[in-house]
Amino acid sequence: MARPRHQPGGLCLLLLLLCQFMEDRSAQAGNCWLRQAKNGRCQVLYKTELSKEECCSTGRLSTSWTEEDVNDNTLFKWMIFNGGAPNCIPCKETCENVDCGPGKKCRMNKKNKPRCVCAPDCSNITWKGLVCGLDGKTYRNECALLKARCKEQPELQVQYQGKCKKTCRDVFCPGSSTCVVDQTNNAYCVTCNRICPEPTSSEQYLCGNDGVTYPSACHLRKATCLLGRSIGLAYEGKCIKAKSCDDIQCTGGKKCLWDFKVGRGRCSLCGELCPESKSEEPVCASDNATYASECAMKEAACSSGVLLEVKHSGSCNSISEDTEDEEEDEDQDYSFPISSILEW
């Protein structure tokens, strides 16, 4: 009886499928990383078993790829002990097809590597002079502020034109916003007509320096703005009838300082290191003592546990014309504790 012959076509088909499988495996083998470090190694693993084409299809400038198909233990050793994966291949060698996002452009650096740098569109800016930013800093122009926003402060905006001021005099706020001065004697533009949502938790309650309990930070801001003078935050939670600072629990590393003038406590940030700068201006405090700076005054208050506030700039024994101007502004009761409200 004749034996059945093996068809050579079937064997060829099997070999072809095997080669295709191996080719697919080699194309898929590899690891995708989110960045290439300065040491040349890949760091921050994004996904395993990706081909270079799949890994680099995102268009991210920092994405890199390694072709080694290794086990989890090796990956762990690379990331923890070796500073990243070796043989790191960056997806982008040039700026071609690189998407840096709004306000940024791709440029080749000194090492001939593509990098995304801040390059905001300043062509439509009409005011070329100084501007005061929401961070209380003066910028040489709006374009410089936009660059600062791009680098590290995404919420940064222009408050008003001109340098940042210590009074509301000559400050022109845009739109319906109003100029007020916070507890650090910096002028800000704020809007009062904000609708505050109802509080969803009792933890949102705040006690104001006026002894009134406010449902939320939004309600305290709005009340301050409508009142046109400083209220300020005493402490978190509902107001209590405290006899001393022992009855008040401060959070967030704050310390209770007692205000003998009104018989209430106030939680304040302490432990701030005062800079050794000769440019700091002395201040006259509410205890009629002169301190080298506002920071030195706060330091003394934290040390004694008694609240101190700035009466005016300069020595208590000499009131300058500028101080009289400031007192004139204080009579208008422009003071808004933005810094004390927004810090939490």
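Even glycines carry a Cβ here, placed using N, Cα and C.
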Checklist entry - Can you tell which of Cys256, Cys267, Cys270, Cys274 is bonded to Cys295 by a disulfide, based on Swiss-Prot? => result Cys274
Item to check | Disulphide pairing with Cys179 per Swiss-Prot - partner from Cys168, Cys192 | outcome: Cys168
Checklist entry - If you pull up Swiss-Prot, which of Cys118, Cys122, Cys164 shows a disulphide to Cys143? => result Cys122
Checklist outcome for this item: Of the candidates Cys32, Cys88, the one Swiss-Prot records in a disulfide with Cys55 is Cys32
Checklist entry - If you look at what Swiss-Prot says, which of Cys225, Cys267, Cys270 makes a disulfide link with Cys250? => result Cys267
Checklist entry - Which one is it, Cys95, Cys118, that Swiss-Prot ties to Cys106 with a disulfide? => result Cys95
Item to check | Beyond the flanks of the domain 'Follistatin-like 1' (94-117) by at least 6 residues, Cβ under 8 Å | outcome: 59-61, 146, 149-150
Checklist outcome for this item: Top of the disulfide-bonded residues Cys88, Cys95 by count of other CB atoms within 10 A is Cys88
Item to check | Surrounding CB atoms that lie within 10 Å of the CB of Cys106 (disulfide bond), all protein chains | outcome: 18
Checklist entry - Taking Cα atoms as reference points, which of the recorded positions Cys42, Cys95, Asn124, Cys245, Asn288 is nearest to Cys116 (disulfide bond)? => result Cys95
Item to check | The one of Cys56, Cys118, Cys150 whose CB sees the fewest other CB atoms within 10 Å, among these disulfide-bonded residues | outcome: Cys118
Checklist outcome for this item: Most Cβ neighbours within 10 Å, among the disulfide-bonded residues Cys42, Cys116, Cys122, Cys143, Cys295, goes to Cys42
